[in-house]
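Per TrEMBL, the features are:
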type     : residues : note
COMPBIAS : 30-45    : compositional bias 'Basic and acidic residues'
COMPBIAS : 46-55    : compositional bias 'Low complexity'
DOMAIN   : 70-189   : domain 'Response regulatory'
MOD_RES  : D122     : 4-aspartylphosphate
REGION   : 1-55     : region 'Disordered'
Amino acid sequence: MEASSKPEAAVVGGDGSRGDDLQGACCRGRGGDRAEEREDREERSAGAAANDGRVAPVDDDAGVVVVEPCVIAVDDSSVDRALVTALLRRSKYRVTAVDSGKRALEILGSGSEPNVSMIITDYWMPGMTGYDLLKKVKESSELKQIPVVIMSSENVPTRISRCMEEGAEDFLLKPVRPSDISRITTRMLQLH
């Protein structure tokens with residue numbers, strides 16, 4: 001796959017149905033009344049916004065709705081979770097932030113979050129560590145292709161090695177910086 005500066009996006013037809021087939025989705029409004037076209041776009045954009053922010057605004061040229069790639073950010077610290085979420089959103093990712101590995105697995109298992117392109121998780125959390133979450137994701141035939149990035153405030157070489165051996169894409173030291181997010185999102189686009 002050729003690398004680009006934007007995350008890959010799945011396209012959803014103008015009627016809201018997901019699919020690769022855009023037949024009929026791009027033809028609405030061409031050559032018609034501009035006010036009517038604008039009204040149609042506004043209605044579709046309003047519908048997209050009502051969908052918990054899961055769908056981006058309607059593309060004016062194509063008449064389609066674009067679903068942005070999603071990152072699940074997992075951290076029991078609300079401060080760290082908010083920081084990572086803000087940095088990822090600046091990189092044009094849609095983010096679902098949760099406070100535990102268990103909650104992340106519930107979301108992944110339910111299929112309620114389409115187009116998950118990465119999981120970024122704290123290492124040390126109560127209940128289920130980021131390492132435990134990584135192992136469960138990599139053991140699952142449905143989830144193992146999702147890249148997992150581990151974060152920690154502790155620079156422990158054996159911990160880092162163990163996570164990388166288990167299949168982590170990267171290991172970031174906290175506090176996470178914009179350059180860290182840029183590096184991992186760029187690499188994810190090139191690899192996946």
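Placed from the backbone N, Cα and C atoms, the Cβ positions cover glycine too.
Curation does not apply to TrEMBL; its annotations are automatic.
The model shown is predicted, which means the values in this text are computed figures rather than measured ones.
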Secondary structure of the domain 'Response regulatory' (70-189) by DSSP, residue by residue, totals 54 helix, 26 strand, 40 coil
Tell me, roughly as an integer, the mean pLDDT over the domain 'Response regulatory' (70-189).
95
